[in-house]
Every structure is written in C-alpha cells, then in structure tokens.
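J.: One structure, as structure tokens, below. Some questions next.
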Amino acid sequence: MSDILSRHRQLCELLIEYGHQYYVLDNPTVPDAEYDRLMRELIVLEAEHPELKTPASPSVRVGGQPLTAFKQVRHEIPMLSLDNVFSGEELQAFEQRMRDRLKREVSFTFCCEPKLDGLAVSLLYVAGQLVQAATRGDGTTGEEITENVRTIKAIPLSLRGEGWPARLEVRGEVFMPKAGFEAMNAKALAAGEKVFVNPRNAAAGSLRQLDSRITASRPLAFYAYGVGVGGEQLGGSHFGRLNQLKEWGLPLSPEVKLKEGAAGCQAFHDDILARRGELPYEIDGVVYKVDAIPLQEELGFVARAPRWATAHKFPAQEEMTELENVEFQVGRTGAVTPVAKLKPVFVGGVTVSNATLHNADEIERLGVMIGDTVIVRRAGDVIPQIVAVVEAQRPADARAILFPTECPVCGSAVERLEGEAVTRCSGGLFCEAQRKEAIKHFAARRAMDVDGLGDKIVEQLVDKGLVKTPADLFSLNAIQLAGLERMGQKSALNLVAAIDAARSTTLPRFLFALGIREVGEATALNLANHFLTLDALRAASVEQLLEVADVGDIVAKHVYYFLRQPHNIEVLEALLAAGIHWPAIEKKEASEQPFAGKTFVLTGTLTTLSRNDAKAALQALGAKVAGSVSAKTDVLVAGEAAGSKLVKAQELGITVWSEEELQQALQG
C-alpha cells in the first residue's frame, strides 16, 4: 500500500505543477499527451482506491490558480473540463455509460465540433452589451480580461438582432490561427525577440497581457462553443443554441455538425483527423456533446466534467523523448543542417527517430544538449522538430552540441556570414552533396546553355561517377554518353557537340553558371561590366566588390570567399583549361548605358521578342530588371494580358510602356 500512496502523491504533485505551468504561467514544460497519461493513471488509481481521492486532487480540479495580476472573477456556473476518449472502443463505452445512467435505451444525437487548442473564456453580455470577459482559471474562479477581449475583432461588443436574454454568458475559445502565428513568430525572429512554441501558448500569452495594446497587436480569433448564464432561455438543443449565438453575431466553427450515435461521432472524428493539417487553426481532437438539453440536465456532472460530453483526442502532435545524438547533413545548396537523432517515439501518428534542429541559432535558443529530454512536435506532413527542452530532467553527463568547422561531406571549410542564420559548405563546385544541383545549374539554358543536357542525364552522369564537377563535362565522349539510359549513338554525338559549343560563352553567363550564392543574372552582368575580366574579379577585395552596382555586403562576401575556396579554384582552373572562353568586354561609356540606375519590370506576353531577350537588351543598356513592382520601379513594360503588376504600377503612378515603346527605346 505504501507504494500506491507514494505513486498517488507523486502523480498529484506532478499534475499540480504541470497544471500550474499550463494554466497560470502559459509555459508548459511537458506535452499535453504526457499530462493526459498522468491524469488517466491518477483517475484509474483513485477508482481502485477511492479513499485516496480528496477535494484537492487534480482529478477533481480543472486548472491552476488565477494570476494575482488580474482581478478575480467567480463563475456563476462553473466552467468545467472534459473527460477524454482515445479510441472507438472508449467512445462506445462513453455512450453506453450514459444509457446505463439513464436506465433506458436512448438514441443519442451529438453536436460535434473541433477541439480548438486555445484558451477558454467566458463573455458576459448585459442588455446586449459586452460587460465582462474572464478566463476559465480553475473552473470556479478566473481572471478578468475584459479590456483585452475588447481588442479581438471577432468578438462583438454589442449583440446583433433581438431576443437575447437580459444576461447572457457566451463561452468559447480564443485561439491564434496558424497563419497569424507563423507571421508573428517570423516578425519576432527578425527582431531578435523570443518566439512562441505553439499557437496555444501564443493565444494564452497574448490574452493575459496587462497592457491591452499588446493584445490588440496579436492575431487572435474566437469561436463560441456554449452558453452559461441565460442558456435556459435559448431552447432545448445545443446545436440550436449555437446557431442562435451565430445570429446574434458570435462566430462559430464552420465544422460544427450534428451526428447520430457513436458511429456518427467516429465518422466525424475520422473526417476531421484526415483534414487536420488543412484547417487554418490548431486542434488536438474533437468534442461530442449530447444535443438534447433535457438529456444533458438528466445526465448531470461529475466533479470536474459533464457526463454528457467528452473529448476524442487525436494522436499527440507533441511527445517527450531523449536526444541521443546530433548529426549534420549537407543539402543541395550547401546548407549544413543539424539533425537530432532521437530515441524512437510515436507522435503525430508515426514513429519518429529524427527531427530537424534547423541551425545554430535554434540550438542556442532552445538551449538543447545531447542527452536532454526534449519535446518533439510533428504536425501533419511537417518535418518533426524539437520545440522545447525539459531542463528539469537534464542528466549530469549532457553534452553541448558543437557545430562542425568543416563540411562533413567534402571537408571544405564551412562559413556563416554575418546576418545569416544558415551555416554553409564553401565547396560549391566540389562538394558531393551539392554536385548534381551545381552541374544542373551550370548547364542550364540561362547559364552555359548546354542543349540536351537535362536533369535526368545529369543525375545518371553523377550516379555513374562520370562527372564530379562541371569541368568533367568537357571530357565526356560519345561512347560514355551512349551507355546512359535512353541515350542512343546519335543523341550522344549531339550532346558531345552541344557541350563543345558551350565552350564559347560570355563572361556574365560564365559567372552566373558558377552558382555563386546570391549571384543571379543581373549581378553577374554587373560584375562582368565592372571588372571586365575574370582575373580582375578574382583579385578584387570585398571593398572593391562593394563598388559594383547592386552588390551589398553579403553578396560581396559570397563572391570573395567563393573565388578563394581551394576546391572551387581547382574547378575554375579546370574549366579554363577545358577551353571555355568569351569575347573581351569593352568598357562602356555612360552614353552607352542610358538606363543605368533605372529599374524595369516586364509583365504580360511580348510578341516581337522573348522575355529573356528583352531582359538582356535592357541590362545591356544599364537597366536593372526586377521580378515584381514596388515603389522603386521606374518603368513597367506591359505586354498582352498584363495582370496584377499593371494594376499595381498604375496605383503607384509608375511609368508604363507598351511593347512598341520598349522597341523604340531599345533602338535608340
């Protein structure tokens, strides 16, 4: 018995602490699934040993104590929690328990709705005016948050229509839609501020601000799900009551449906679960409520929950596990990404053993170490990620995560430029992890323009070991190429000829083909026109590179380090030795570049020349050609069927040219 008492005390202490973190601090340290497991264990233990159950047990409480920073509000009708089911069998048992309670055979109609992952609130309307808003708190007493709730645009300050009770309490969930959450976190990251772990924390933290102006700046939403005070005047159907609230201006989830029996509930569950990732908000399950209010009243309540409702929880999207190691992968663009190797855990419907740690900043932000107990999240098809560390469970032998100084694939130095979050391998033309993409880019039509060298051929050449760097292309022969899939003798000869023809190019094309990070066609053209020769460019300092039009500090450093990386130098020399050449560039006078400093945008269909030809012609005259219209745009060239870019240009008062006007300008 002593072991049972000890476990009961331990469960109570853990649940009280975790509940305090969740409800009061808005900073949970364990996932919901862990809390649910402990609560179920406590309920089973107290069912087997009723003498252990006391009024202070977490099994008869809803949440934590209210924050002392807010005025406390006592709920006239308690805001209870819900019991949970986790399977079809448990759902059927829930329905049978209600029949047993009623002592008669009843066919239940259920009001089914998504279980939003936000913060439960109570809204009190007197004579149709919002006079008070409060959090659920511990179910009996909550915190007054009226001024903050008034800032939520989805919540009406005055009820619409007529017929509402003199005093009406609306209950619902304040939540943060996924899009708003992601945008808010992106803004916080850019400003170097702390980000929220998930939308639920964000909603709770936003609503419990002492300064309502902060709440007003957060993208909060609200769905009503029930009625407290005044509900007795609204008819005998829960679904009908919700629709009455909708008529009075309260928003409802569009997913709320009526279903018959446990089978109908299960079908609703399966449908919502399948669409979970598509919904614009986070949910962690669905809720079933007996629709008939007289049956609700007859079934009544237990200490912490109604007997006539239950939550059907989805597979947890967050779980706890151990971080066993960290490995570093190199992507096709050279990004070095830390990958967490986890003790396998079932989360989000699958067994997860790997999770992304993104970059060094994320590791520092999380404060994660090898050996830590971590919370891993998997939502839909999103790559699993570590969202928090359970620091209280950190072992004494936990080890810091050290970023490599050399590429784990090719051994080249890794670099992280100031202002960038990503660490990258500097061996862009050499690194095996980047090989296929580097060669595809090199041979592309806008680069070296190797006709017939498609992506699938490049992949075969690399997989068979025939090509390791772009320079190897120029030593291929027809016999080697003819051995590839779907490559006959004639096609092989044509490709050899195309590769040979690509030796003759231009300096801007060659620079673009090298795949230097952030160096597009326009920047390559500016570099070529500024330095005139490859030798001069290779000798340039960062300061000299900054003198080039549209080259900032980041691009200058990318170019500088790329041209000094030993492996890249080897490939560069091999390319020149293979006979790649271009005509000399003559220094252009200012009179030859009438569009210098001007930004053009092309839109619609051009009939007399291709988009690329028009772009090249404008760039040759000194213009910058951008892809989108902004206040910095000088001229929009509008071809046939010009769309939104033309509308925006007209709104901004930007000069608009027809194709005919473009031709006249190009001809001088």
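Please read every residue number as a count from 1 along the shown chain.
Just so you know, glycine gets a Cβ as well, placed from its N, Cα and C.
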J.: Which of these, Arg97, Arg136, Arg150, Arg332, does Swiss-Prot list as part of the NAD(+) site with Asp32, Ala33, Glu34, Tyr35, Asp36, Ser81, Leu82, Glu113, Glu173, Lys289, Lys313?
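T.: For NAD(+), Swiss-Prot names Asp32, Ala33, Glu34, Tyr35, Asp36, Ser81, Leu82, Glu113, Glu173, Lys289, Lys313; of Arg97, Arg136, Arg150, Arg332, the listed one is Arg136.
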J.: Identify which of the binding-site residues Arg136, Lys289 has its Cβ surrounded by the largest number of other Cβ atoms within 10 Å, counting every protein chain shown.
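T.: Most Cβ neighbours within 10 Å: Arg136.
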J.: So which of the binding-site residues is most packed in, judged by how many other Cβ atoms lie within 10 Å of its Cβ, out of Leu82, Cys410, Cys431?
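T.: It comes out as Cys431.
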J.: For Lys289 (NAD(+) binding site), which of the three DSSP-derived states applies: helix, strand, or coil?
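T.: In the DSSP reduction, Lys289 (NAD(+) binding site) maps to strand.
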J.: Summarise the domain 'BRCT' (590-668) by DSSP state, stating how many residues are helix, strand and coil.
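T.: Residue counts in helix, strand and coil order: 30 helix, 17 strand, 32 coil.
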J.: Starting from each candidate's C-beta and looking 10 angstroms out, tell me which of the binding-site residues Cys407, Cys425 has the most other C-beta atoms.
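T.: Going through Cys407, Cys425 one by one, the largest Cβ count within 10 Å is at Cys425.
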J.: Identify all same-chain residues not among Cys407, Cys410, Cys425, Cys431 whose C-beta atom falls within 8 angstroms of the centroid of the Zn(2+) site's C-beta atoms; report them in sequence order.
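T.: Checked against the 8 Å cutoff, the neighbours are Val330, Gly334, Pro408, Val409, Gly411, Ser412, Val414, Ser426, Gly427, Phe430, Glu432, Ala433, Gln434.
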J.: Please give the average pLDDT for the domain 'BRCT' (590-668) in this predicted model.
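T.: Within the domain 'BRCT' (590-668), the model's average pLDDT equals 85.
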